[in-house]
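Student: Take a look at this one; I'll ask things after.
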Amino acid sequence: MEVPNAIWNSLCKHWFLIGVILSILLGWLIPEVGKNGGPIHAEYTIKYGAVMVVFFLSGLGLKGAVLKQAFAHWRAHVVIQTLSFGLVPLLGFLTSKLLTSLSLNDALAAGLVVALCMPTTISSNVIMTDAAKGNEAVSLINATLGNIAGIVISPLLLLLYLGARTTIDFVRIFIDIPITVVGPLAVGQIIRVFFPHWVAAMSKRLNFSTISSCMLLLLIYASFADNFAKGTLNVSLGAVAAMIGTVWVFYPAVMAICLGVGLVFKFARPDVVSIVYCGSTKTLSMGIPLIGIIYRNDPNSGLYALPLLVYHASQLFIGGWAVPWLRDWVKAGPVATEGHVVSVGSQADQDQEELAAGSHRRLEVAVRDDESEVTVPGGHSRLGDGGEVLMMSPRVSPKEQDATGLVGEEKDSSQEDLLPLPVSHAADSPPSSSRGQSRPW
């Protein structure tokens, strides 16, 4: 019975990745249902309705207080946003030009730029940063700011880099974004502010993250169904393989660049970890809806989404594998706490004392982020009843909890400073480290 249980656990952990593959497969097998003008009128019910649900739930889960903390580490925020919206898209554009010169499908190459113009992801950054002993508060605040700014910045970047290569209807964008993104986000935030107890109760009954994940799968299905119906996904397997290989080289290279930038500007090592994760990752939960809005009338919209799907999987696997190395690197340096520096030895002794006292940190953790669930070594986390991420650290004092806002009380777990964006698949790091049973609901 152990083998079937292990298979079931693996399927549960990777449910979103499996769902993405099935959504694309269904788009190929039955495109008539999900195409624009089909029986369900996906151009309205899914491409408007599903997006509105995603951002409404995001508004319900977003704490306004997180934005007020943004000024405490303003240098790190400036560096991260410059990397995320400046250097990384530029490198993506140059890489896209190189791929096109090597005869890669132009739409697929443009899709790489589309992926890299998106904001950073949220909760996986926070979880991996914490697991690597980085500054999780910086990651949380920065990722939230980036996602809000990306609503405006990402379309402008796409106009800058791809205006002549793709079909962008900016009149439609500035009509659709307020309706499908800003409006639902604002309504959700207003409800959260004025009816916090109702939101807390609902988040315990309904898993907002899983609902958002299902909406995201519908968007992927509708996008590919429409492209298959129009016959625009005529790309070779070799081109897809070349894109996958490019992403798997590009992402660790960007992580290394972010690490170097953090060192050049002499940030503390925990802050450098935040820069590495927040500066290099890209969100799928906001990226897929934005692609659907920006390229609503472009016949290559499915190809534009494909590199983002590949990049998303890559950052989970590679980012997870990088956690032990970054954690050891942080431990090897001085640890700054409350204005003074603690030697590495004393920190190690403290960790040993905590371990001896029975307050330990599990080395394999199930991480649920805004788009995914990924197993990474080096930290312990769990989920609240509302699907949000609760950060668990050894012997975290109430003062530390208040400072980061990442550890909430059990009775009010829905009040986490995390957008309840889609929860998706798991990546093992390493694959054999998975323990226990993990379910997507």
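Heads up, the Cβ atoms here are built off N, Cα and C, so glycines get one too.
Just so you know, TrEMBL annotations are computer predictions that nobody has curated.
Dumping what TrEMBL says about this protein:
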- 12-30: transmembrane segment (TRANSMEM)
- 45-66: transmembrane segment (TRANSMEM)
- 78-95: transmembrane segment (TRANSMEM)
- 107-128: transmembrane segment (TRANSMEM)
- 140-164: transmembrane segment (TRANSMEM)
- 170-194: transmembrane segment (TRANSMEM)
- 206-225: transmembrane segment (TRANSMEM)
- 237-265: transmembrane segment (TRANSMEM)
- 272-295: transmembrane segment (TRANSMEM)
- 301-323: transmembrane segment (TRANSMEM)
- 366-441: region 'Disordered' (REGION)
- 397-414: compositional bias 'Basic and acidic residues' (COMPBIAS)
- 429-441: compositional bias 'Low complexity' (COMPBIAS)
Student: Tell me if the transmembrane segment (237-265) touches the transmembrane segment (78-95). I count contact as 3 or more CB pairs below 8 A, with pairs 6 or more residues apart.
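Tutor: Between the transmembrane segment (78-95) and the transmembrane segment (237-265), contact is present.
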Student: Please indicate, using numbers and ranges, the residues of the same chain that are 6 or more beyond the transmembrane segment (272-295) and have a C-beta under 8 Å from a C-beta there.
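Tutor: Answer is 47, 50-51, 54-55, 76, 79-80, 83-84, 88, 114-116, 118-122, 124-125, 128-129, 132-136, 138-139, 142-143, 146-147, 150-151, 154-155, 158, 166-168, 172-173, 176-177, 180-181, 212, 216, 219-220, 222-223, 251, 254-255, 258-259, 261-263, 301, 304-305, 308-309, 311-312, 315, 319, 322, 326, 330, 370-372, 421-422, 424.
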Student: At least three Cβ pairs under 8 Å linking the transmembrane segment (45-66) and the transmembrane segment (301-323), pairs spaced 6 or more in sequence?
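Tutor: Answer no, regions not in contact.
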Student: Is the count of Cβ pairs under 8 Å between the transmembrane segment (140-164) and the transmembrane segment (170-194), pairs 6 or more apart in sequence, 3 or more?
Tutor: yes
Student: Cβ under 8 Å, sequence separation of at least 6 from the ends of the transmembrane segment (170-194): give me the contacting residues as numbers and ranges.
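Tutor: For the transmembrane segment (170-194), the sequence-distant neighbours (Cβ-Cβ under 8 Å, at least 6 residues beyond its ends) are 48, 51-64, 151, 155, 159, 289-290, 293-294, 296-297.
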